[in-house]
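Peer 1: The structure under discussion is supplied below as structure tokens; questions concerning it will follow.
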Amino acid sequence: MAPTRGPRAKKGLLERLDSGEVVVGDGSFLLTLEKRGYVKAGLWTPEAVVEHPDAVRQLHMEFLRAGSDVMQTFTFSASEDNMGSQWEAVNTAACDLAREVADKGDALVAGGISQTSLYAHHKDEVRIKKLFLLQLEIFARKNVDFLIAEYFEHAVEAVWAVEVLKESGKPVAATMCIGPEGDMHGVTPGECAVKLVKAGASVVGVNCRFGPWTSLKTMSLMKEALQAAGLKAHLMVQSLGFHMPDCGKGGFLDLPEYPFALEPRVATRWDIQKYAREAYNLGVRYIGGCCGFEPYHIRAIAEELAPERGFLPPASEKHGSWGSGLSTHTKPWIRARARREYWENLRPASGRPLCPSLSKPDA
């Protein structure tokens, strides 16, 4: 299959999903840009869109080449409570960068909001909705294609976000940063999904905090609950790009390696191909990643689902399927690795003989 985006007209999110298309999301911005020296760990705020726009533009471009159908605005934690007087400039610049890159391909722009720093302490619905509305006003002015409410650990606040975003008339996707145990108040994943759909979300799912397999387990619970409630919605998953089987309810934040020693846990491209296939088989059609999900991980999704999508991404021009490029290597034992069975069955070593395979969460 030749790498190409295909000469299709630009369709909206729901047009694509309603027709059964796979929508490939994008991946990690915060952790990736922190490693590259453009984001400061701690508050994890996205000033880089103003201070270092070329760095953000480059990462968007890498995801576009890798196969992303969505350029999500780099507006995580960019509400006024976190950004102060910078919030408007940051949200505006993030929209401009996402649109600039999206228009170089067939990608859509998603305006993204996330949980506030206020909810855990104040639970002031009016004040929190006002914060969401301020961001929404910029997204509407910049005419983003759809909206995402992501990274919510409390179902109530996520519902408030959806209620605000749906007033725009644009499609709304909503994802919780929860695992199979549910939100921080004990609301189950299924209950969360039902609440979000009833609030007006057309796409629901999970993002961040948990690895691929835990995220898919949570998605299965959401799907079952929606079916039981007789509700219809598209499903979306954007997991971590790390293996996290030892997480507690709070996800990877509670592990001692977070955030500066997660590299031994990075998923391989072959892990992500398996994740993409299992997500697809579960009925998920919006598949992407979050923290730790690099462009080559997004390419793995696009390559695994190329038969369903009908094309490969541009970045596949430099990547032989299942290691096929190794067939020309001068060493025979490396040429022997140019096959799917080898990479599917490999159990990679960590190279750290004194390190445990799992950790104990601090909380």
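Placement of Cβ uses the backbone N, Cα and C atoms for every residue, glycine included.
Feature list, courtesy of TrEMBL:
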type: BINDING; residues: Cys208, Cys290, Cys291; note: Zn(2+) binding site
type: DOMAIN; residues: 11-305; note: domain 'Hcy-binding'
Peer 1: Between Cys290, Cys291, which of the binding-site residues has its C-beta surrounded by the fewest other C-beta atoms within 10 Å?
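Peer 2: Sparsest of the binding-site residues Cys290, Cys291 by Cβ contacts within 10 Å: Cys291.
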Peer 1: Using the CB centroid of Cys208, Cys290, Cys291 as the Zn(2+) site centre, which other residues of the same chain sit with their CB within 8 A?
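Peer 2: Same chain, not in Cys208, Cys290, Cys291, Cβ within 8 Å: Ser28, Leu30, Leu31, Tyr151, Cys177, Asn207, Arg209, Gln238, Ser239, Leu240, Gly241, Gly289, Gly292, Phe293.
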Peer 1: Measure from the Cβ of Cys208 (Zn(2+) binding site) and count the other Cβ atoms within 10 Å, all protein chains considered.
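Peer 2: Counting Cβ neighbours of Cys208 (Zn(2+) binding site) within 10 Å gives 27.
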Peer 1: Mean pLDDT for the domain 'Hcy-binding' (11-305), rounded to an integer?
Peer 2: 97
